[in-house]
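As recorded in TrEMBL:
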type	residues	note
TRANSMEM	12-32	transmembrane segment
TRANSMEM	44-69	transmembrane segment
TRANSMEM	81-101	transmembrane segment
TRANSMEM	121-144	transmembrane segment
TRANSMEM	156-174	transmembrane segment
TRANSMEM	207-225	transmembrane segment
TRANSMEM	246-265	transmembrane segment
TRANSMEM	285-311	transmembrane segment
TRANSMEM	323-346	transmembrane segment
TRANSMEM	352-373	transmembrane segment
TRANSMEM	378-399	transmembrane segment
TRANSMEM	429-446	transmembrane segment
Amino acid sequence: MELQEHKLTKREYALVSSMLFALFFGAGNLIFPLHLGQLSGAHWLSAALGFLVTAVLLPLLSVLAISITRAGGVYDVGRPLGVWFALTFMVLIHGTIGPLFGTPRTATVSYTVGVAPLVPAHFQTLGLVIFSAVFFGLAYFFSVEQSKIVANIGKLLNPIFLILLTLVFFLAFLKPLGNPVHQAVTTAYQHDAFFNGFLQGYNTMDALAGLAFGVTVVTAIRSLGKRNPNAIALVTARAGFFSMGFEAIIYLLLIVIGAMSLGQFKLAANGGVTFDQLVNHYLGVAGQAILAVLITVTCLTTAIGLVAAFAQDFHKHFPSVSYRVWLRFTTIASFLTANIGLNLIISWSTPMLMFLYPLAMVLILLSITSPLFKRDPVVYAFVVLFTCVPAVFDMIAAFPPVVSQSAFGKAMTSFQMSYLPFAKYGMDWVVPALVGAVIGLTWHFVKLAREHTTASVSDN
């Protein structure tokens, strides 16, 4: 009972919040906002608001979904639709943000942005092999002891990242490169800045990661002495609000810096190039070393979270294989993916991401509102079924040209744009999901009323 009644200190709350922030904040979270600032220019605020919806609000809701439903991970969020759906959803989520896409990207982005500029051109391939081997070796080392993950990330890695990022922010605002309100706006952001910012937030994959990290957060809180599900849920929610609020502030600063950078630099191909230009402008040669450490540390914290969450969830549902074996599997698989055909795998993983994101969003919202309809599987079924239809269209449109530009792909895209509301904004799942919710809730409350009437008649 003593463990159940243990009250976390402010320091322990800060550690959990720091860990959660570091798990979410990877290299993509650093470079996507910078690029968004360049793309949106003077319209940076509208774009930022859209970005914050998918990059901050949805991940926060995913953390709250874990908290409200007392879930232990992504499996529990899909459980109202049955064991097979929950397992399939868990495998797809972990595969997409794990060894097939998300985890390898943490190594390749940190190498490309932070290390590659320091390596001779003819050693790039070997350089990536060596770097990714060390990178995933460290990810394994820091996550092999589950009880130490919160300390390794919260106490060691995240403070290093924040100190270096604060230095970049200080220099960028001390000597600004330009006024963001006077910068050029790219065509796509002249009229639809909010919706384009919204879609850019998808790239962080944090709504999916929030569901996957649930098991890691719960395990970390238990390691601090919490056992009661209600207490764990409360700590999870509080840590979520703090960490995501802090992340929102950093996003806004990065977007503003991206817009200001147009006063000195041309529109870059991506945010990694912009960040490289910024640190070299302010810090010269030393800037490249700082950038290498900054990018590597932020990618490493996310990689630790992803490999740990993968191993924890798979061990939980396939217990005949140990946590460490699952950890080795996802670490080695991520290393291989990062070095053999990552671009090809990304091109085929992105469609799965476009399919899963709408499903994840409606499951998050259903989990949060589930106390209103007692987690009735019928409500879940109608909403998810209706959401699947536009999600399939989004998936087909995101496939490589061999599929998306085929006669079948063009016909599907034409139908999607003609008949599904908000398709051009990437929001074509909203109306079908609402229709499914209306039908499901009507079914639920009519059934409830009939049961109440039947019970009243029986009593009489």
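Each residue, glycine too, has its Cβ placed from N, Cα and C.
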* Asked: Thinking of Cβ pairs under 8 Å, which stretch from 156-174, 246-265, 352-373, 429-446 has the most of them with the transmembrane segment (285-311)?
  -> 156-174
* Asked: Among 81-101, 121-144, 352-373, which stretch has the highest count of C-beta pairs below 8 Å with the transmembrane segment (207-225)?
  -> 352-373
* State the residues, same chain only, that lie 6 or more residues beyond the ends of the transmembrane segment (44-69) and have a CB under 8 A from a CB inside it; answer 'none' if no residue qualifies. => 20, 24, 29, 32-33, 36-37, 76-77, 180, 183, 189, 193-202, 204, 206-211, 214, 217-218, 233-234, 236-237, 239-241, 244, 247-248, 251-252, 255-256, 258-259, 360-361, 363-365, 367-368, 370-371, 375
* Asked: What residues in the same chain, six or more past the boundaries of the transmembrane segment (323-346), come closer than 8 Å to it by Cβ-Cβ distance?
  -> 98-101, 103-105, 107-108, 128-129, 132-133, 136, 139-140, 143-144, 146, 303, 306-308, 310-312, 314-315
* Asked: When each of 12-32, 156-174, 429-446 is checked against the transmembrane segment (246-265) for Cβ pairs under 8 Å, which one has the most?
  -> 12-32
